[in-house]
Structure formats: structure tokens, C-alpha cells
């Protein structure tokens, strides 16, 4: 059976893993790292994903897309998107369907398309490691992701050429990676404290023993989608810039190249201060003014960094309190606290978590890799490689329809274990009503207008009758991925209408297919570019070989080869692979013939010398003997 990979599609970094020999193994990317920056850049008609995109992020900020996960499956008018518009250096625009898209070089791109670039890179890295084509994946999402965001994540997978077998919640995946389900047969309440690069997610999970198998249920979620390690970096960047300004009088924020260097140095210093008490940020020639080059040299202590980010760490505690309250639990009810996300390596963060929960948090799994490992374990469950886990997630928000008076009537309550199905019968609101509009909603508020609209459809041609006499059965059906299907049926006639909730916020099937084709086209272009580079490299190697070895050749032979070399160099400077191949073949053929001729002449000369030597040797073999005449005559 082909492998199913597990993917953590993160806001700041992403990660891919696979089950091997019953163990979840993280797959390194082409750059040799175990995590890949969730960054996509568009530069010089080329699309960069991961570390190459990150390296040029400051100098090409308007065309470098990061934290795109904050936009996926969201409407442009959402308050979270409006906040992002003020912070993001790239342009966020309103799509025709009201979704939040981004614009690069005048072209509108959906977050699904951009996320697909990251997924495609992870897919490619997995294929390089496994030595086989990968088509199936399990992808994780935050527990609070609504139906639109989950569907959009699946669409991103499809555009990347992946069949998304399952969408699972990140905290559930982390709990699987930590093996919390193996610790005890008793029911457990586990807190997952996930402070990543761009978001903070706090989840409380209940792990129950159901007929010898473990059931995972998310009891509560909370957090801040605009708080993460990047905010910690920013505090240190601003501190370094302020110190530099005090020293030199130069505002480094105006120099994008210098700012890129400071950004990288700040991130490195922050990481170092998780294990060291002091570090030094030393950037020679960081910028210059009329008086000459300037150098940045600042000592930073752990205590200083902690004072800079103290309020950020404290701000993670309120969501912990709220989640406990929502779950109806006290701190004493918590069995374990597990840490996820790179920022949880910071000692001050660990101390804050320990102080609040009065419990030492678990940190025995790499926090950057835990979610991807959990996704790989779930992939193993689906492929049959793992057989002792039963994974049951829950609906993150209540689902229902709009009824008389603009009220939301809930059919599926928040935190209901999925997959699930619920039906309820409604009656017509007016006499002789010939059609019923079913308006599907998601949220916790009482009034329809205060909740998120997921879509609507009409059940037409129902039998007219007095108000309340026509019975319409509405059924909500959520699959294991949290994707919702809604149907309405006239009980008298059996006439039925249904909708798969995708169109309200997301891409149409035609749009997805177009993006898949574009992705395939880019894959083809990428392949052609790579083949062109390989051809150029081969040509350069041949040129070097010929130039090195032709110095001993006759002048006329050298002249012919030099002409062919110049022709090949001209072809290499162009972009026509066929032309390079043709010129390379011509040079190779001429060089081979010349070398064969040279070799034949060398052999003849050697043979001639050998023959002459042999003749000389024969003469030398004749021994002049002295004969003594012994005859008596």
C-alpha cells in the first residue's frame, strides 16, 4: 500500500512526517531542515517556497506571502482579516465571492493556491525521501477552524496534487505524538499549549477509553490568532534597532537589507537565549552613512529578552483560564500539560505554564514536530500501520438553520463528536408556501445575523397548505473531516434538496480544477527550468574538460574546438535547451574524434618507439664470444 504522509500546515512553519517501522519519522526538506517556513514568494517570473522565499522576504516584502493560514477560508470583511490588512506588507483584496485573497503583481491569488505551493514542496520532499509518488495525506488544522476553513484546507491539498484523506485537529495530533493515549487506561484531561510562530492555540482534550480504544474529544479551545514567536522576534528587532540608533543616530528601519540581517540575527539570538544566559548580536557593515560603514554590536541577556516580552507571555494565561471555564474544569482536573510550537522552548514560557497549572509541562517531544508526527500516526491508522487508536474529533462550533424571527435553531451543538448526523422537522411559516429557504449557520449566538452564514438553498415545489401544515425534515450530516452536508425533505411528497457546504466561503470546483491545472503547468515549467539548468551544467563541465586537455593538441585542432566552445557558450547563455544539446553534441563529437586521433597517434608513436627499442634490444642480446682454437693441426 502506498504511504500516507502527515502534514502540519502551520502559520509560520510546516512539517511533514511518515510512519516507518511503527514510528513517526520527520522528513527533512531539500535544504536539510526538518521544518519548512510557510512562506511563498513571487520574484522574476519564479515561485519560491520555504527557506528560499524567507531569505528574500524583507527585500521583496510586497510579493512575499507569509501567515497565509490566517486568511484561508475567511471572508474579506471578517474582523480578523481587517486586522491582518493593517499588519501585512502584501496586498489583501476582496474576491468576487467575498473571500479574502491576496494580490501579487496585479494578479489575485486565493489563500488555497498559495498554501498549495507549501504543500507541493512538502509533497516533493516526501517523494524524494520515500523514492515513490505520494498522493495521499492527512493534514492538521487548528481545533477552532470552522467548516469553510477546513474545506479550504482540503482544496489547497487538491490543488497541490494531494488526496486529503483526513483533516484532524492540531491538539489531537500533538496528543497522539506525545503518546498521551498510552499512559493510562483511565480517562484523562490534557491541556495542549501551542505557541507557534504566528498563533497561540490553547486546547483541552479528553481522552476516554472506549472498548479498549482511545477516543479523543476536544472539550474547549481558546487562544490568539495574532500572537506568536514572530511577535517575540519583533520586540528584539526593535530593541536592537533602538540600541543601534542610540549609538549611530541611524534609523535602521529605513534600510531593508540591514533590517533583513537584523531580523535573522534577532531570531538566532532569541533561540540561543533559551539555553544561554547571554548572547552577542554582532553585524559588521550593517549599513553606512556619509562618514563610512557602521557596525552593530549589542549584548543581550536572557533577563533583558524576558523583560521585553513579559506582557506577551502573560497574555497567554487568560485563554488558559477561559478554556478551563468553558470546559467546566479546574486546574486540578488536568492530567497533563503538553507544549507545542517552537516558542515554548523559551524558559519564561515554560515557567509561566508551570506556575499557572501547578504542573510540570511535558516537553519530551520536539515542539516543532509534534503535530506532524501526530498526523503521521493518524495516517498510519488509515493505512493499517497503526491499529490501537480510535480518533474522534468534535464540531468546533454549533450548527443550525435560521427560523422564524431570525433566530438560529441549533441542530448540532458545539463539541459534538464527529462524524455525526442530526435531523429535525420544521413546518412552513406562511399559508400556501410553495418553497422553503434553508439558511445554514455556524456559531454560538442566538440570532442568525450574529452567526456565520455557511450557505443557503431552496426546497421548491412543495405542496401548498395552511401555515404549519407542511412538514420539512432538515438533516445535518458532518463527516470525519468536519465537512457539512445539509438536506431538506418535504415529508408529504418525498421531494428532497441538499447542499454540500463549500460555496459560501471557498472555491468552486471549476476554480479548483483551474488551479490544479495551473499548478501542473508550474510543475512542468519547474521541471523544464531544472532540465535547462542540468543541461547548462553538463555543457559547462564539457567546456572545462575540453579547455583543460586541448593545450597539447595541434593548432588546427585547437582552433576547431575553440570555435565549437564559443558556439556552445552562446547557447548556454540562452534559454533553448535543444540548442545547448545540439552544440554540446557537436563539441563532444569533435572532441572525441580529436582525442581518438590523438590517442591513435600516441599509440603508433609508442609502438614505433617500442619496435625501435626491441630492435636495439635484439642487437644487445648478441654476445661476442671468444673462441679458443683447440685443434692440434
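Using N, Cα and C of the backbone, Cβ positions are placed for all residues, glycine too.
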Kindly point out the range from 556-594, 595-633 that Swiss-Prot annotates with region 'Disordered'.
595-633
Assigned conformation of residue 199 (phosphothreonine) - DSSP reduced to three states:
coil
Same chain only, sequence gap of 6 or more: which residues have a CB within under 8 Å of the CB of residue 199 (phosphothreonine)?
11, 69, 70, 142, 223, 224, 225, 226, 227, 228
